[in-house]
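Reading through the C-alpha cells given below for one structure.
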Amino acid sequence: MTALTAQVAEPAPPPPPDAGAPKRRGVELTLLVGAVLISVLGHLHVGLATTGHVPRPAAHYAAGLAVAALLAHLAVRFRAPYADPLVLPIAVLLNGLGLVLIQRLDATTPGHLAAGDQLRWSALGVALFVLVVLVLRDHRVLQRYAYLSVAVALVLMLVPVFFPAVNGAHIWIRFAGLSFQPGEFAKILLAVFFASYLAANRTALALTGRRLFWKLRLLPGRVLGPILAIWALSVGVLVLERDLGTSLLFFGLFVIMLFTATGRIGWIAIGLVLAGLGAYAVGTFEPHVNSRVDDWLNPFASIERGEGPGQLAQSLFAFGAGGLLGAGLGHGQSFLIGFAAKSDFILATAGEELGLVGLAAILILYGLLVSRGFRAGLALRDPFGRLLATGLASIVALQVFVIAGGVTGLIPLTGMAMPFLAQGGSSVVTNWIIVALLVRLSDSARRPAPQEPPE
Amino acid sequence: MIRYIRWCGYFCALLLVALLVNIARVQVWESAAYGANPANKRPAIERYAQPRGNILVDGRPVTGSRDSGQLLRYERTYANGPLYAPVTGFSSQTYGTSFVERAEDPVLAGTDPGLSAFPLWYDLTRGRPAGGNAATTVRAGVQLAAYAGLAGKRGAVAAVEPATGKILALVSSPSYDPAALSGTGSRVKAQWARLNTDPDRPMLNRALRETYPPGSTFKIVTAAAALDAGVVTDVAAPTETPDPYPLPGTRTLLPNAGTGCQDASMAEAVQWSCNTVMAKIGVRVGLRGMVEAAERFGFNRDGLRVPSWVSRSNFDTDMSQDQLALSAIGQFNTRATPLQMAMVAAAVANGGELKSPYLVDRTTQDDGSPVRRGDQRSLGRAMDPATALRMQELMVKVVEDGTGKNASIPGAVVGGKTGTAQHGVGNAGTPYAWFISWARAEGAPLPAVAVAVVVEDAAANRGDISGNLAAAPIARAVMEAALSAR
C-alpha cells in the first residue's frame, strides 16, 4: 500500500501516444507459476506431515490448479492485456494457500471434509473470473445497471430472512444441499451502485448544501437522501439478520466511498461518531454482540470461570504456539479451535503453522492486492471507475482487517470470511469476481489512451 | 478525487500496520504466556505425541506404551502393574505422574537435554528425541518374593543392598494397577475415585510414604547408641533392671511381653526383646544421645529422595524421661517408614556406614547409551565399626536363638530383630508386626541384603511373637531371593 505515494499526480499525465504501458504478461505468467508451485508444495508438505506419504490426489490437484491459473492467464492475456500483472497471481496464491490450509484441517477432522467443496467453488470462481474478463469489455457498462444492482442486492439480502438461522445468523440460503451467503454477492452490487450514484451526483454532493458552521456543510437532502436510505436499509437488514461483520463492512464501504467522492472529512467524522454510538448500543443491549465484546475484552474469562478456553482464547493460543517461525504445515494443533477453524478462524492455522513470518507474508499479500486496486483507481480517468476501484479495494481491505483483527484480539470478533483463504463457496466466488473487476479496471487504467475518443 | 483515494490508501496501510503490530504482539510477546496457560492443551498433546520411555527391572521393561488414537495419544501400559506400582508409580494423562514416572519424567518423556548430543538440533526442528529408559535397582525375584509374602495382607517391604544403598524391593500391599489411570475419560476418573475412596488405600506407598511406630525394631538404634556412647561397655553384663520397670518420674509400670528380662544383659534384652532393659538403657543414654543416634540412622531427616521423596521418620527431640523411655523401645511419638527401618538394618550390616538408598541405577537413551548413573552416596556413619560388629552378633543371636527364629536361612548368616508396635488410642489398634533383618551368604564378604517388613493386621497379638510369626517369614523369603539372585 505504501507504493501509492510516488505515483500518479492529478490530473493523470496523458501517456505518450505510441509507447503505451508495458503489458507485463510474461511477469504475470512467471508469478503464476510461482504461486501454483508454492501451493502444490504446501499440499505435498501437508500430506507428508500428516500421513507420512505423498497424498494420492496431489497430481490432480497440481494439474487442476495449473490449468485454472493458465485459463485465467489466457483470458487476461487476450482480453485485458494491460492489466496489472500482480492481481491474478496474488489471487491464485491466496486461493491455493487457502486450499492447503483447509486440506490440512481436513486431516484432523475426517468427518467434515471441506477441501473438495472448496476446490469446486474455487473452480467456479475462476470460471466466473474468466467469464467476467471475457464478457465485460469496459467497466463503464456497469454504470448503466446501478439501480438494477441495488435492487438485486436488497433482494439478495432480504431472502435469507426466510431461511432458518445458522449459528444465530440469518445469512445463509440452503437448497439442494448447497448453502451460500447472498450478502457476499450483494457487496459487489452495492459497490457498483455507490460508485455509479456518487459519480453521477459528485458535483452536487461536493459543492452544494447549507453551511452549518466553520467548514461543515449539510449535504443536500435531495442528493444524499436516496443513498443514505439504501445504506440504512442494508445495514438495518443485516442487523436484523445478525450479520454484524457484513453490516460493519457496508458501513465502512459507504463512508469510504462517500469520502472519496466528496472529500468531506467532517461528515466522515460524524458518521464514525454515530456508528460508534450505534455499536456501543448494540454491543451493550444485544446479547449476541455483547458476549463477543466481553470475549474481546477478556478472552480468558471462560477459563477463569472453569469452562475451558473459548474460541478466541483457542485462537490466541494457536497464534502464540506458532511463534516466529511456526510449527510447520501439518504440525500445529489449531483444530482445537473447533467448528469454525476452517472458516472464520482459518488465519489461526496459518499463524500456528507458518508463524509470524508466514502470517505477515499473507497479510502483505492482501496489502499488495488492495494497493493494486487503489493504484488502478488513481490511474483511471473516469469517476465511476475510480470510485469502483476504491470501493472494491476497500471491501478487501476492510474484510481482511475486521476478520484478522477479530481473530487476533485487536477488535471484537465479527463473523466474516477471510478473502480466498476461508472455507465458504459464496465468499470464494465473490472474491474471484472482485479480482476480475480489478483486472478489468487496471487494464483500463494502464491501457494507452486511444487515438480517437470512444463513442 | 485522486487525493482522497490516496488518503483511503493511507488509511488501509494504517490498518495493515495495526494488524502486523498486533500479530507480532500475539505471536512473539504473548507467545510464552499463552503456552503456559493451563487451559492450553498443546503442551499435553506434544507430551503424549510419542511413546514414553520405559522403566526397567533386571534390564527388562515393566512398562509399555499403547497408541490410543486419542488426542493425548500414547497411553502407559504396565506389565505386572500391581507388583511394581510402588516403584513405577503411574503416568496418567489425567492425573500426571508419581514415583519413578515422576522423578525420571524428563528422561522418559524425551525432554531431558541429556538425551541428545545436539539439543540445538531438536530446537531447530521442533522435534524431540525418543523417550529414554530408567533402569531401576529393583530385582524382579526379590520384589516378587516380597509381594507374594504380603499377598492378602496390609503392609510393606523395603529391601536394600547394604554396601551400595541399592533398593532391591519396594512393595506395598494391597496394591493397584497403575494402568487403570492411563489415558483420559470417565473410566479413568471412575478408577481414580475408586482408588482414592478405597479404605485399604491401595495407592498409598507404604514402603516410602507411611510411617509406623517401629516398636521393638527400634531397640537396635537404642543398643547402638548405648554402645557408641559407652553407656554399655559389656553387652553381657547385667543391667540391674526391675521387671516391670517404673517409667522415670511416674508411677506407670512398663511390662515385658515375655519372661526372663529381670536384670537381663543388653545382649539378652535384644535377643528376647526386653522392653524394660532397653527403656532403661535409653534413659541412661539420655535425650541428647538418643536423638543424635536416631538422626545418624536417618530419623528426623527431611528431603530424602530415592529419587521419589520419602516421608520423614520421627524421633522427638524434646521429651521427658518417661517419654524417652518409651521412645527408646519404638513407641510414644517415634515413627519410621519401612525404608527407614531397612536403612537401620543395612547400617548394622554395612559396618556402621549408612548408604543413601536409591532406586534408579541409570538412565539411558532409547538405544541404550547412558544418560546418567545413579549415585552411590554415603549418609555418614551411623555407628562405630566396632559397635556395628557387636550389633551384628546381637542380631544374629535373635535369629539363631531368640524371638526371630522364623527368619533363619540354612547356609546364610542372618541377623534380625522382631517388633510389635502398639498404636491407636490407648493402644487399641491391632498391633503392627515388624521384622528387620539382613543376610550374608556364608563365606561372602558382604551382606547381600537388608530388609524391613511391616504387616499391619497381624492376627497374633502376643508381644514380639507376632513379628516372628507374621513378618519374619516374609523377610526370610525376600532374603533368600536376594541371596539366590547373586
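The backbone N, Cα and C atoms fix where each Cβ goes, glycine too.
The region 'Disordered' annotation in TrEMBL covers A:1-23.
Feature annotation from TrEMBL assigns transmembrane segment to A:29-46 (among others).
Here TrEMBL flags A:58-76 (among others) as transmembrane segment.
With a cut-off of 8 Å between Cβ atoms, the residues of this chain six or more beyond the transmembrane segment (A:88-107) that come close are 28, 31-32, 34-36, 38-40, 42-43, 46, 50-51, 61, 65, 68-69, 72-73, 76, 113-115, 118-119, 122, 125, 129, 329-330, 334-335, 341-342, 346, 349-350, 353, 362, 365-366, 368-369, 372, 418-423, 428, 431-432, 435, 439. According to TrEMBL, the transmembrane segment annotation covers A:88-107 (among others).
If you look up TrEMBL, you'll see A:119-136 (among others) marked as transmembrane segment. Counting residues 6+ beyond its ends, the transmembrane segment (A:119-136) has Cβ neighbours under 8 Å at 61, 64, 68, 71-72, 75-76, 79-80, 91, 95, 99, 142, 424-425, 428-429, 431-433, 435-437, 439-440 in the same chain.
What TrEMBL records for A:145-165 (among others) is transmembrane segment.
Residues or ranges marked as transmembrane segment in TrEMBL: A:185-207 (among others).
The feature transmembrane segment is assigned by TrEMBL to A:219-238 (among others).
Summarising the annotation, TrEMBL assigns transmembrane segment to A:267-285 (among others).
The transmembrane segment annotation in TrEMBL covers A:354-375 (among others).
The transmembrane segment annotation in TrEMBL covers A:387-411 (among others).
For A:417-439 (among others), the entry in TrEMBL reads transmembrane segment.
Same-chain neighbours of the transmembrane segment (A:387-411): 139, 142, 187-188, 191-192, 194-195, 198-199, 245, 248-249, 252-253, 256-257, 260-261, 296, 299, 312, 315-316, 319, 344-345, 347-348, 351, 363, 366, 369-374, 376-377, 380, 417-419, 422, 431, 434, 437-438, 441-442, 445, counting only residues six or more beyond its ends whose CB sits under 8 Å from a CB of the stretch. Within its own chain, the transmembrane segment (A:354-375) is flanked in space by residues 1-4, 7, 84, 86-87, 90-91, 93-94, 97, 319, 322-327, 329, 347, 389-390, 392-394, 396-397, 400, 404, 419, 421, 435, 438, 441-442, 445, which lie at least six positions past its ends and keep a Cβ under 8 Å from the stretch. Sequence-distant neighbours of the transmembrane segment (A:185-207) (same chain, 6+ residues past either end, Cβ-Cβ under 8 Å): 142-143, 145-147, 149-150, 152-154, 156-157, 219-220, 223-224, 226-227, 230, 234, 246, 249-250, 253-254, 257-258, 260-264, 382-384, 387-388, 391-392, 395, 426, 429-430, 433-434, 437.
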